[in-house]
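**Q** Next up is a structure, given as structure tokens.
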Amino acid sequence: MLFVLDTMVSQDDTPISASSFFGFMGVTMALVLANLGAGYGTFKAGAGIAAIGIWKPEIIMKSLIPVVMAGILGIYGMIVAVLLSQKVKNPLSYSYKSGFAHMASGLCCGCSCIAAGFAIGIVGDVGVRGNAQQERLFVGLILILIFAEALALYGLIVSLILSQS
């Protein structure tokens, strides 16, 4: 299929290469998947905060930490998407190696952010509900959330390394 696209020409007889398609798919996957993880984490943790806010409104501000950490996931995706979009060039001077590396970079960041978003959302939901009943759980909750956020940070680091190739 790639070879067919390599031999195609546009209406003005300019050769078309599919390599830039893969680069832009990396941009898309980084942003979309990271925001999917951020959205899920925010939704799930926000549901727990809304549930405890009825009977313990004094701890709502302290319970917003999982929502803030979920929002950081979207920032990771945006960073990678902006960096990758600046590297995608004219299809004739942009190699398949670069296109595949940039797609792998976007998928690495995006999938890591989905995993971290699920972990932050579920831990945040259960954690803020548990914290409302027993305040000694707060330090443990924060530590678990930090390790869940580290999953996305690892994906960001590897994604930045991949984007350099």
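Glycine residues also receive a Cβ, built from the backbone N, Cα and C atoms like all the rest.
Per TrEMBL, the features are:
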TRANSMEM  20-43  transmembrane segment
DOMAIN    25-84  domain 'V-ATPase proteolipid subunit C-like'
TRANSMEM  64-84  transmembrane segment
DOMAIN    103-162  domain 'V-ATPase proteolipid subunit C-like'
TRANSMEM  104-126  transmembrane segment
TRANSMEM  138-162  transmembrane segment
**Q** Using a cut-off of under 8 Å between C-beta atoms, tell me which stretch among 20-43, 104-126, 138-162 contacts the transmembrane segment (64-84) the most.
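**A** The stretch with the most contacts is 20-43.
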**Q** Could you give the mean pLDDT over the domain 'V-ATPase proteolipid subunit C-like' (25-84), rounded to a whole number?
**A** 95
**Q** Restricting to the same chain and to residues at least six past its boundaries, which positions have a Cβ under 8 Å from a Cβ of the transmembrane segment (20-43)?
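**A** The answer is 5, 66-67, 69-74, 76-78, 80-81, 84-85, 87-91, 94, 96, 98-100, 102-107, 109-111, 113-118, 120-121, 124, 152, 159.
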**Q** Pull the DSSP breakdown for the domain 'V-ATPase proteolipid subunit C-like' (25-84) and write it out as helix, strand, coil residue counts.
**A** 55 helix, 0 strand, 5 coil
